[in-house]
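To keep things clear, I will list the structure first and then write my remarks on it.
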Amino acid sequence: MTTPAKKSLKNIVILISGRGSNMEVFLEAATSGALAGNIVSVISNRPDAQGIITARNRGIATTVIDHQQFATREAFDAALADEVAAHNPDVVVLAGFMRILTPVFINRFLGKLVNIHPSLLPKYAGLHTHQRAIDAGDKEAGATVHYVTNELDGGPAILQARVNIANTDDAQTLACKVLEVEHLIFPEAVNWHLQGRVVHANQGAQLDGELLPPTGAQWKHPRGE
Ligand code: GAR
């Protein structure tokens, strides 16, 4: 009797809606061998997403599923879920995917869905996170990688990075600072997932068997910043 070949490389599907700078970091990590998986597909809900052109130019399989062609959110989510499932993903990476997903999609990939959000969750779920942090007089902002559940930006946090808010920062300068740390923590957290170090357990995210706090693990900059 022959045993089936063991699948070695894990499958990564990336969903985007726009610029795709986080996706690009994943593409670069894959090229340099720093990613614990293969990017098998990049999917956008917007035909004009810059990131789709970037991925295509790098020879990655891309698909556009235009949400405007569907009568309901659920119909779009069902089509998106079928396309994602066709790639047999070990992780589905939401890299600036700006559509709210319904249970039709989320329940099919629960435990494999990872998002990055530009705030120090649980603070500032939703939009305009940088302006909200500035308006509140916060001294720190940041980004959080988290598992996705049916609660908007409410799934268990995996990894979080902080940046200082200067008096001179506006929403745009702060977004640039936060984006820099997004690019550091996102592939790291996804690697943890692919290596089985972090899992979406019933009680929350567990790293190396330990339950993480609601803010996730805290990123320590390699340069000690
Ligand atoms: C990133 O800042 C990401 O955190 C944010 O969109 C930007 C996408 O940039 N995501 C969200 O706000 C999700 N709620 P990118 O397309 O250059 O990666």
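Keep in mind that glycine also has a Cβ here, set from the backbone N, Cα and C atoms.
What TrEMBL records for 10-190 is domain 'Formyl transferase N-terminal'.
With a 10 A radius on its CB, ASN22 (N(1)-(5-phospho-beta-D-ribosyl)glycinamide binding site) counts 22 other CB atoms from all the protein chains. Residues or ranges marked as N(1)-(5-phospho-beta-D-ribosyl)glycinamide binding site by TrEMBL: GLY20, SER21, ASN22.
Annotation source TrEMBL lists (6R)-10-formyltetrahydrofolate binding site at ARG73, MET98, ARG99, ILE100, LEU101, ASN115. With a 10 A radius on its CB, ILE100 ((6R)-10-formyltetrahydrofolate binding site) counts 11 other CB atoms from all the protein chains.
Residue environment of HIS117 (active site, proton donor) contains 24 other Cβ atoms, counted within 10 Å of its Cβ in all protein chains. The annotation active site, proton donor is assigned in TrEMBL to HIS117.
The annotation site 'Raises pKa of active site His' is assigned in TrEMBL to ASP153. Under the three-state DSSP scheme, ASP153 (site 'Raises pKa of active site His') falls in the coil class. ASP153 (site 'Raises pKa of active site His'): 20 other CB atoms within 10 A of its CB, across all protein chains.
Considering only the residues assigned to (6R)-10-formyltetrahydrofolate binding, ARG73, MET98, ARG99, ILE100, LEU101, ASN115, the longest pairwise Cα distance works out to 19 Å. In sequence order, GLY51, GLY96, LEU179, HIS183 constitute the residues six or more apart from SER21 (N(1)-(5-phospho-beta-D-ribosyl)glycinamide binding site) in its chain with CB-CB distances below 8 Å. Taking the mean position of the Cβ atoms of GLY20, SER21, ASN22 as the N(1)-(5-phospho-beta-D-ribosyl)glycinamide site, the remaining residues of that chain whose Cβ falls within 8 Å of it are ILE16, GLY18, ARG19, MET23, GLU24, VAL25, GLY51, ALA95, GLY96.
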